[in-house]
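Copied over from TrEMBL, here are the features:
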{"type": "ACT_SITE", "residues": "Cys285", "note": "active site, nucleophile"}
{"type": "BINDING", "residues": "Cys154, Ala155, Ala156, Pro157, Gly158, Asn159, Lys160, Asp178, Asp203, Asp234", "note": "S-adenosyl-L-methionine binding site"}
{"type": "DOMAIN", "residues": "56-356", "note": "domain 'SAM-dependent MTase RsmB/NOP-type'"}
Amino acid sequence: MLCIEPLVTKFSEASVDPALKEIIVDTSCGAALLRGAHIYAPGVLAMESNTQLQEAVSVYADLGGKCKRGSVTRFDSPEKIFLGTGKVLMQRYQLFNNSDEPATGVAVEMQSNISRVPSLGDLSSEDALLQNLPSIVCVRVLAPQPGERVLDMCAAPGNKTGHIAELMGDQGSVVALDNSTSRVRSMLPKLDHYKSITAHVFDSTKAVAVGAAHSGPATVPPFHCASFDRILLDAPCSGLGNRPQLSCSIKQAKVLHSYPNIQRRLFGQAVQLLRPGGILVYSTCTVTEAECECIVAWALEKFHDLHLMDATPRLGGPGFPLPDLDASKSRLLQRFGPSEASADTVGFFIAKFQKNK
């Protein structure tokens, strides 16, 4: 495991070269760029005319969503933000060809960006997987052991699944579930060299078999109660811990408030699937109390056969104390984010439970 330290805690005041032509990208692409990605073809909104291969360009993000895709003139807007400089690898006719097959591949290779995060290039191989530090810690907290049966309930994009299999020495059984066919299909290539992993397109809110005969462990979902030694519930969440971000897709409070409901439904399934003495790790990549500490408080109140364990190894800070979650319990949790109590990372939350024997 190789950890790359953040180089700076604030964006640099990079100067813009007005002589360079400009590339405009969408906010999703821009955020990925600031996290070390190059610019892939689908993220390019506009490129000035006569931009040549290998030419140096200034890269901007369109924060207002006003840039017309395929524009040839320089986009003038108070809501565009300079992100860095890059080298052109694809020309206009390749990017905006109006064909049925959209352009793919790296369009602009980043040379520098204002976050100063190094561009790591393509790590989509069996030799390396790129993860944020809290995601690495999360699987270490789960601490899967060789020979165990482990469930990853919301597995895509599969990096944590692969990490689980690595820690187990690829010995045992790792079951990965996700309710999206496309996400499962996209994660299979990075996992197909692990013999211990099986992946299924399945809704984990229905992962417990109802009324099935208990004649040995089920090999496909739904599963019998007490089927797993360890369970990772890296739950769907609002994603407000992801940084840097240039925009937020959540526009209404009701969307934000919808996540705890699905998290509780998934948690209830996980408790039933966990064997006595087994370990359940609940995690999110968000920062709201409702999706983090409040879920822990609810779980301890509802499931009396669960108790909190110290979420070690510990590189994050403690959780927040709540009226129904005292400080002694909150100290067993881990919160990550840009604070003095934590390594300067994305926002992330980890809680570790054990089911009573």
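Every residue number used here counts from 1 along the chain in the order it is shown.
Quick reminder: no glycine exception, Cβ is built from N, Cα and C everywhere.
Unlike curated entries, TrEMBL annotations are predicted automatically.
Taking every pair among Cys154, Ala155, Ala156, Pro157, Gly158, Asn159, Lys160, Asp178, Asp203, Asp234, the residues recorded as binding S-adenosyl-L-methionine, the greatest CA to CA distance is 19 Å. Each residue contributes its Cα atom, and for Lys160 (S-adenosyl-L-methionine binding site) and the residue listed as 'active site, nucleophile' those atoms are 13 Å apart. If you take the C-beta of Asp203 (S-adenosyl-L-methionine binding site) and look for same-chain residues 6 or more apart in sequence within under 8 angstroms, you find Asn179.
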